[in-house]
Amino acid sequence: MGRPRNRSRERGANSSPGSGAFANSLQVVGLCPSAFLKLLFLRICIFNVCFSFCSGAVLAALKLDLEEKLFGQHLATEVILKALTGFRNNKNPKKPLTLSLHGWAGTGKNFVSQIVAENLHPKGLKSNFVHLFVSTLHFPHEQKIKLYQDQLQKWIRGNVSACANSVFIFDEMDKLHPGIIDAIKPFLDYYEQVDGVSYRKAIFIFLSNAGGDLITKTALDFWRAGRKREDIQLKDLEPVLSVGVFNNKHSGLWHSGLIDKNLIDYFIPFLPLEYRHVKMCVRAEMRARGSAIDEDIVTRVAEEMTFFPKDEKIYSDKGCKTVQSRLDFH
């Protein structure tokens, strides 16, 4: 297993500044609120040095980033912010924070993990204290599960020893061979130390397409009942999601002790994106490129996407994943 590599994020950024007098004053110097707070964070903290403070500025910047840049994901925004705020404000957590993000491709899981990484460590995914594992890259061979388990334990133990506030991101959990992830179970449990190392201040984030069908079914049921997607609550999805992923043979969490022992703190659903959300993604990408917003192009790009179910055509089947490449043709 090689050193975890960085991976380009799913686009979905909305770089427009916030509102209010504070935001207007920052516009004068060309900063949006979240950028200002990150700058403040960097003035207090040192690049590539592990720190556990700066919580106020970090959490305020995280809140702004999620609210301004993540589209159509009210549950993810609410739960992630709540989870990280509680965890960072707790000076003596009893276990590491473990989040499992679920939903179809293009809904923002990778993007959110990058936002979290950038707000917790100044260099984000380039930080020595943020570690990204991609299942098909780092754990490709089923016959090497034992080797991967040993390597994974050593990697995490060594990095948490160097920085107690390390962040570990596991992408493509739905492609991970079952059993590998259980190697880190002792690190996620309620132990004060494991072999002299405390893992209680670390953060583990799992990203998976598994459960996307269950999330879509719930969203569709709400739509057909004439209810707003914003009415969907975590309690409508989290129980069925945890059970569904546990029993899914194509999930890296199939029959996992992490679920069986309740070591995953939150199962966070990412809802399928609608036509209006795709248009938001297109506008965000145009802003990121420094282009003026052309609503004709926004509409054309959005209409080139394919939507499902076949009759209603409500949700983009690729989320916002192909917005970048499609915009290149306009």
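Glycine is no exception: its Cβ is also placed from the backbone N, Cα and C atoms.
Whatever TrEMBL says is automated annotation, not expert-curated.
The transmembrane segment annotation in TrEMBL covers 40-62. Here TrEMBL flags G103, W104, A105, G106, T107, G108, K109, N110 as ATP binding site. As annotated by TrEMBL, domain 'Torsin-1A C-terminal' applies to 273-329.
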- Item | Mean per-residue pLDDT computed across the domain 'Torsin-1A C-terminal' (273-329) | 95
- Item | Position of peak Cβ density within 10 Å, selected from the binding-site residues T107, N110 | T107
- Task: Inside 10 Å of the Cβ of G106 (ATP binding site), count up the other Cβ atoms and send me the figure.
- Result: 25
- Message: Around the C-beta of G108 (ATP binding site), how many further C-beta atoms are within 10 angstroms, looking at every protein chain?
- Response: 31
- Using a Cβ-Cβ cut-off under 8 angstroms and a sequence gap of six or more, which residues of the chain neighbour G103 (ATP binding site)? K109, N209, G211, G212, I215, P269, F270, L271, P272
- Note on the structure: Within the same chain, the residues at least 6 apart in sequence whose Cβ is under 8 angstroms from that of A105 (ATP binding site) are N209, K318, G319, K321
- If you count Cβ atoms within 10 Å of each one, which of the binding-site residues W104, K109 comes out on top? K109
